[in-house]
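Engineer: This is the feature table in TrEMBL:
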type: TRANSMEM; residues: 115-134; note: transmembrane segment
type: DOMAIN; residues: 115-698; note: domain 'Major facilitator superfamily (MFS) profile'
type: TRANSMEM; residues: 154-175; note: transmembrane segment
type: TRANSMEM; residues: 182-202; note: transmembrane segment
type: TRANSMEM; residues: 238-262; note: transmembrane segment
type: TRANSMEM; residues: 274-300; note: transmembrane segment
type: TRANSMEM; residues: 320-341; note: transmembrane segment
type: TRANSMEM; residues: 394-414; note: transmembrane segment
type: TRANSMEM; residues: 434-455; note: transmembrane segment
type: TRANSMEM; residues: 467-485; note: transmembrane segment
type: TRANSMEM; residues: 588-611; note: transmembrane segment
type: TRANSMEM; residues: 623-644; note: transmembrane segment
type: TRANSMEM; residues: 676-699; note: transmembrane segment
type: REGION; residues: 703-734; note: region 'Disordered'
type: COMPBIAS; residues: 708-719; note: compositional bias 'Polar residues'
């Protein structure tokens with residue numbers, strides 16, 4: 001039987017088809033429908049507009065109506081009906097496997113859902129490692145390896161620097177190459193980065209911490225000489241930076257090529273849902289990183305070694321390295337199946353050829369250059385490809401809007417736990433856990449809901465941009481909640497005088513008559529909550545002379561504190577390790593509106609990404625995502641935490657004193673923190689709203705289809721023709 005021979009045209013799909021209808025002798029009544037033995041239909045001679053074939057031929061959708069379900073070695077074929085097959089002219093192998101090893105059991109995973117599962121695991125591991133573990137353990141790493149804050153900031157920034165360096169190369173060449181291989185090798189490099197990040201724990205000596213029970217009490221306060229503050233361990237920051245650099249290199253294909261690979265292998269109207277599930281896994285990763293990383297920090301870094309200090313002690317270093325070992329090993333394992341996927345999945349050709357183009361129409365018609373099958377295969381086309389994107393105003397303003405949203409997301413993820421810690425008087429671990437519980441439903445739910453809404457209402461590109469605008473305006477209104485704040489818990493010498501009066505001029509005064517003879521030093525910040533519900537800088541500053549051997553609610557209890565007044569009985573009171581519990585009445589309202597801000601910020605992420613994919617030509621989608629990520633990271637991801645951090649630092653009341661140098665902030669003024677957070681949020685939300693409005697106004701869609709029957713496909717936004725019935729003769733005769 002003759003097989004359809006195809007010549008590859010635009011979108012890599014083969015249009016020229018030879019159909020052979022072989023059947024037994026015609027039955028009575030079929031004479032009027034008898035076809036010749038060989039009927040040649042050349043679809044390439046039929047006008048094609050926006051991926052929809054014109055009905056000038058008898059059955060325009062016949063060759064694309066059924067999935068590609070059978071493969072033979074060295075060729076791809078699909079059986080539309082019995083006796084009709086499709087063969088790729090390029091002889092692509094679409095089986096799942098590694099080289100010649102393609103066992104049948106693996107083909108069960110050779111579907112869009114199988115790809116989605118493995119990519120979700122990879123994005124979950126990336127989010128858990130980079131945005132979860134790193135943020136959780138950075139304080140422990142600073143303490144263990146004697147790092148300054150700016151050095152740890154360089155470690156965190158190495159990820160974005162690597163991504164910016166690699167994005168252009170990966171998105172341009174990977175977008176026109178074998179995407180699963182780029183993805184698989186990227187996940188493998190990411191795993192190596194995690195293992196390298198954990199390496200310093202095994203190449204350094206044991207961590208020695210002072211375990212004297214009396215450290216910090218009145219008369220027993222101790223401090224390391226300044227000359228011993230610095231050590232050779234700080235050189236390990238370069239190892240951490242290299243590990244983060246590998247993280248950035250490995251994750252680069254994941255959010256550019258991974259998105260386009262999913263988009264190419266599913267229905268157009270299902271694509272937002274698949275991408276939303278993919279990004280939801282990436283959002284849940286950091287939440288898991290906060291929770292799991294916090295759990296590991298309760299384990300001493302030298303596992304199995306007995307130590308006389310508890311996790312509440314400022315000298316405690318948790319097992320920060322366990323998470324990176326586990327994530328690294330998991331990444332290496334998950335890269336193996338991803339490397340086995342074919343360049344495109346069986347059945348994907350019909351989605352590509354029937355996709356309705358929504359690319360922005362450039363006045364000079366230069367957008368048509370991207371339709372050339374050879375466009376983008378060499379580095380010579382790189383400048384022209386960049387120029388085409390720069391001529392697309394919708395794409396440009398979507399990138400700028402994404403940068404503003406990324407600034408807020410980066411700022412919230414970095415300083416969200418710190419905001420909760422200050423406003424509600426929580427410990428660092430409690431705030432991280434609390435924030436994790438807040439991000440899971442708000443961030444993960446918003447990400448998935450955004451893709452679901454695009455699919456549910458079958459939105460076109462202009463409608464998607466309007467949805468993004470609605471989400472941005474809603475979150476802009478919700479951010480006004482930062483006009484209110486929780487009052488600071490009273491702290492002796494910081495927010496008020498030891499006798500309860502206001503501090504003159506707002507200056508610190510940690511010394512009073514009750515602790516003047518204690519010789520307290522300001523080196524170690526270890527807050528305690530007195531029985532009078534006032535916080536003190538340390539047990540020494542509270543005038544405490546003894547430590548109880550019995551714990552109360554798992555916390556140390558300090559006795560005979562001369563600065564703490566008993567509520568009923570005269571004499572010195574007691575103090576408990578940790579901060580005083582806040583009873584802020586505005587706490588539920590703040591949390592509720594913070595949930596709304598996070599929800600609608602993430603709800604617009606998938607629609608914005610979908611609009612980006614649709615407003616550019618098909619052959620430029622991977623490269624467009626790469627350019628967008630560069631803009632988002634350069635203008636949003638990298639400066640975002642710096643902008644938020646610098647504004648929040650202005651609200652600091654109590655700075656750490658490191659041998660005369662200013663360190664990190666211990667206590668913030670809650671009213672100022674809310675005010676500066678409000679200012680930063682309003683500025684970026686107003687900018688984002690403006691960019692979405694301009695993108696919507698400047699978007700110029702392709703002209704409507706004039707071919708009969710094409711309006712339905714355009715209206716639904718899907719390119720699947722399964723509902724179109726073939727106009728062939730009696731099916732039982734074929």
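Glycine is no exception: its Cβ is also placed from the backbone N, Cα and C atoms.
I would like each feature placed in context: is it buried or exposed, what are its neighbours, and how far apart are things?
Structural biologist: Away from its own ends, the transmembrane segment (154-175) comes close to residues 130, 134-135, 138, 141, 147, 182, 186, 237, 240-242, 244-249, 251-253, 256-257, 260, 376, 382, 385, 619-623, 625-627, 629-630, 633-634, 637-638, 641 of its chain (Cβ-Cβ under 8 Å, at least six residues beyond either end).
If one looks beyond the transmembrane segment (238-262) by at least 6 residues along the same chain, the residues whose Cβ comes under 8 Å of a Cβ in the stretch are 112, 115-116, 119, 122-123, 126, 129-130, 134, 141, 154-156, 158-163, 166-167, 170-171, 174-175, 179-180, 182-183, 185-194, 196-197, 199-200, 271, 274-275, 278, 282, 324, 331, 609, 613, 621-622, 625-626, 629.
Remote same-chain partners of the transmembrane segment (394-414), defined as residues 6 or more beyond its termini with a Cβ less than 8 Å from a stretch Cβ, comprise 131, 135, 286, 360, 439, 461, 465, 468, 472, 597-598, 601-602, 604-605, 608, 611-612, 615-616, 624, 627-628, 631-637, 639-641, 643-645, 680-681, 684-685, 687-688, 691-692, 694-695, 698-700.
For the transmembrane segment (467-485), the list of distant contacts is 401, 405, 423, 450, 453-454, 459, 586, 589-590, 593-594, 596-597, 599-601, 603-604, 607-608, 611, 670-671, 673-675, 677-678, 681-682, 685-686, 688-689, 692-693, 696: same-chain residues at least six beyond its ends, Cβ to Cβ under 8 Å.
Tertiary proximity for the transmembrane segment (623-644) is limited to same-chain residues at least six positions away from its ends with a CB under 8 Å from its CB atoms, namely 156-157, 160-161, 163-164, 167-168, 170-172, 175, 252, 255-256, 259-260, 376, 385-386, 389, 395, 398-400, 402-411, 414-415, 609, 612-613, 616, 677, 680.
Within its own chain, the transmembrane segment (676-699) is flanked in space by residues 360, 393-394, 397-398, 400-401, 404-405, 407-408, 411, 419, 461-462, 465-466, 468-469, 472-473, 475-476, 479-480, 482-483, 597, 611, 615, 643-644, 647-648, 650-651, which lie at least six positions past its ends and keep a Cβ under 8 Å from the stretch.
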Engineer: Where else in the chain does the transmembrane segment (588-611) make close Cβ contacts, counting only residues six or more beyond its ends and a cut-off under 8 Å?
Structural biologist: 259, 271-272, 275-276, 279, 283, 394, 398, 401-402, 405, 408-409, 412, 423, 438-439, 441-447, 449-451, 453-454, 459, 461, 464-465, 467-468, 471-472, 474-475, 478-479, 481, 484-486, 625, 681, 695
Engineer: In the same chain, which residue numbers or ranges, 6 or more beyond the ends of the transmembrane segment (434-455), come under 8 angstroms Cβ to Cβ?
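Structural biologist: Distant Cβ neighbours of the transmembrane segment (434-455) are 269-270, 272-277, 279-280, 283-284, 286-288, 290-291, 294, 413, 416-417, 420, 424, 426, 464, 467, 471, 591, 594-595, 598-607, 610.
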Engineer: Mind looking up the mean pLDDT for the domain 'Major facilitator superfamily (MFS) profile' (115-698) in the predicted model?
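Structural biologist: Result for the domain 'Major facilitator superfamily (MFS) profile' (115-698): average pLDDT 84.
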Engineer: Looking only at residues six or more beyond either end of the transmembrane segment (182-202), which have a C-beta under 8 A from one in the stretch?
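Structural biologist: For the transmembrane segment (182-202), the list is 119, 122, 125-126, 129, 145, 170, 174, 236, 239-240, 242-247, 249-254, 257-258, 261, 301, 320-321, 324-325, 327-332, 334-336, 338-341.
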Engineer: Quickly jot the same-chain residues contacting the transmembrane segment (115-134) by Cβ under 8 Å, restricted to those at least six beyond its ends, or write none.
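Structural biologist: Residues packing against the transmembrane segment (115-134) from afar: 109, 155-156, 159, 180, 183, 187, 190, 194, 244, 247, 250-251, 254-255, 258, 261-262, 265, 274, 277-279, 281-290, 292-293, 320, 323-324, 327, 330-331, 334-335, 337-338, 341, 345, 413.
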